[in-house]
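Straight from TrEMBL, the features:
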- Lys197: active site, schiff-base intermediate with substrate (ACT_SITE)
- Lys249: active site, schiff-base intermediate with substrate (ACT_SITE)
- Arg207, Arg218: 5-aminolevulinate 1 binding site (BINDING)
- Glu234: Mg(2+) binding site (BINDING)
- Ser275, Tyr314: 5-aminolevulinate 2 binding site (BINDING)
Amino acid sequence: MSTFPTHRPRRLRQSPAMRRLVAEHTLSASALILPVFVTERAEPQPIATMPGVRQETLDTLPAVVDAAADAGIGGIMLFGVPLTRDATGSGATEPDGILNRAIRVAARASAGRLTVQADLCLDEFTDHGHCGVLDAHGGVDNDATLARYADMALAQAEAGAEILGLSGMMDGQVAAVRAALDAAGRDDVVLLAYSAKYASAFYGPFRDAVESTLVGDRKTYQLDPANAREGVLEATIDIQEGADIVMVKPAGPYLDVLSEVAARSSVPVWAYQVSGEYAMIELAAAAGAIDRDRAIMESVLGIRRAGADAILTYWALEIAARLRSAHPTAPEAHA
Ligand code: PBG
C-alpha cells in the first residue's frame with residue numbers, strides 16, 4: 001500500500017468539473033458596477049490612457065444603460081465631465097449640470113433594470129481640481145465642503161440617483177449627507193461611502209478621463225498608502241455615520257485593507273478596481289506581456305476573494321458577457 005505522499009491536494013484539481021465543484025469564490029454579473037463618464041461635448045471622446053473606454057454623451061448614454069441592463073450587471077456609476085468649472089464647483093449642484101442631466105437620462109433609460117449611481121465629489125466641477133472648496137490659505141475647507149456635498153446630494157437624488165458614491169474623503173461627509181437627505185424626505189437614497197480611499201497613483205488615467213485640472217495632490221484628505229489600520233477606522237466611522245455600503249479603493253494594491261474591512265463590517269463592502277489597474281492590464285497585454293483575458297478575470301477574482309461583495313470595474317460588461325457565454329465547466333465560468 002502506498003503511503004507517500006500522505007496528502008494529495010491535486011486530487012481536487014484533476015478535471016475542469018472537479019475544479020468547478022470546489023471553487024471557493026465566484027463572480028456574478030449582478031455584483032458588478034460599470035463606471036461611466038459623461039461629457040458635455042457633442043461627440044463621445046476617446047480616453048488616451050484607457051483603451052476601450054470613452055466619454056459618453058447624453059445621447060449615447062441610453063445605449064450604454066441598455067447594454068448594461070442586458071448584461072445583467074448591478075448598476076452604473078456616473079461621472080460628469082463639465083466644460084466649465086469654478087471655485088465652488090457650481091455645476092455639481094445646478095439641476096442642468098452635466099452629471100445631474102446624465103443621472104436623469106440614465107434613470108429614464110434604466111426604468112428600474114439596474115441601479116443608477118452617481119459620484120458625489122466636487123473635483124470634476126472645481127477649477128482648482130480639489131474635492132472640496134478652499135479656505136483662505138488654499139487648503140481644503142472640510143466643513144464648508146460638507147455643505148456643498150449636502151446640496152449636491154439633494155440635486156442628485158432629485159435627478160433620480162438611487163445610490164450616491166461619497167468619494168471626497170471629508171470628515172463627517174456621510175452624516176452630513178444623510179441628515180440633508182432625511183430632512184428633505186429622501187430617506188430612500190442609499191449612501192455608498194468610499195471609506196478607505198487612498199491617495200493613489202493608480203487614479204492617473206481617471207484624471208485624463210475627467211480632464212482634471214488638479215495641481216498638487218490630495219494627501220490632506222485621501223489616505224496614506226502606508227496605513228491599513230486607518231482605512232479600517234474610516235470604514236468604522238462611516239458605518240456609525242449611517243453608510244449603507246462601504247468601499248475600499250483602489251482594490252488590487254489594497255487587498256489587505258479590503259480583507260480587514262470585510263471581516264469587520266456590518267454592511268456590504270465594495271471595491272473599486274480603478275483606472276490605473278485597468279490601464280496596467282490593457283497596456284501590458286497590448287505589449288504582449290500577459291494574457292489579457294486571463295489577467296482580467298484573475299484580477300477581479302482576487303478582489304472578490306479578498307472580500308468584496310460587489311466590484312466597480314471598467315470591464316463590467318465584458319466580464320458579464322463572459323460569465324454568461326462560458327460553458328459551465330470551462331474555467332472562465334467560475335473564474
Ligand atoms: C473623485 C474620484 C476619483 C476616482 C473616482 N472618484 C479621482 C480621485 O479621487 O482622484 C478615481 C477612479 C479611477 O481612477 O478609476 N471624484
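Along the chain as shown, residues are numbered 1 onward.
Placed from the backbone N, Cα and C atoms, the Cβ positions cover glycine too.
These figures come from a predicted structure and were not determined experimentally.
Everything TrEMBL records as a feature, shown here on the structure.
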residue	record	DSSP class
Lys197	active site, schiff-base intermediate with substrate	strand
Arg207	5-aminolevulinate 1 binding site	helix
Arg218	5-aminolevulinate 1 binding site	coil
Glu234	Mg(2+) binding site	helix
Lys249	active site, schiff-base intermediate with substrate	strand
Ser275	5-aminolevulinate 2 binding site	helix
Tyr314	5-aminolevulinate 2 binding site	coil
Rounded to the nearest Å - Cα separation of Lys197 (active site, schiff-base intermediate with substrate) and Glu234 (Mg(2+) binding site): 9
Spatial neighbours of Arg207 (5-aminolevulinate 1 binding site), counting only the recorded positions Glu234, Lys249, Tyr314 and Cα distances within 10 Å: none
Nearest-integer angstrom distance between the alpha carbons (Cα) of Glu234 (Mg(2+) binding site) and Arg218 (5-aminolevulinate 1 binding site): 16
Rounded Cα separation (Å) that holds between Lys249 (active site, schiff-base intermediate with substrate) and Tyr314 (5-aminolevulinate 2 binding site): 14
Neighbourhood of ligand 1 - recorded positions from Glu234, Lys249, Ser275 with Cβ under 6 Å: Ser275
Rounded Cα separation (Å) that holds between Arg218 (5-aminolevulinate 1 binding site) and Tyr314 (5-aminolevulinate 2 binding site): 23
Least Cβ-crowded entry, counting other Cβ within 10 Å, from the recorded positions listed as Lys197, Glu234: Glu234
For Tyr314 (5-aminolevulinate 2 binding site), the number of other Cβ atoms found within 10 Å of its own Cβ: 24
Least surrounded among the recorded positions, given as Arg218, Lys249, when other CB atoms within 10 Å are counted: Arg218
Spatial neighbours of Ser275 (5-aminolevulinate 2 binding site) that are distant in sequence (at least 6 apart) but have CB under 8 A: Thr49, Met50, Phe202, Tyr203, Gly204, Pro205, Phe206, Ala209, Tyr314
Neighbour count (Cβ, 10 Å) for Arg207 (5-aminolevulinate 1 binding site): 16
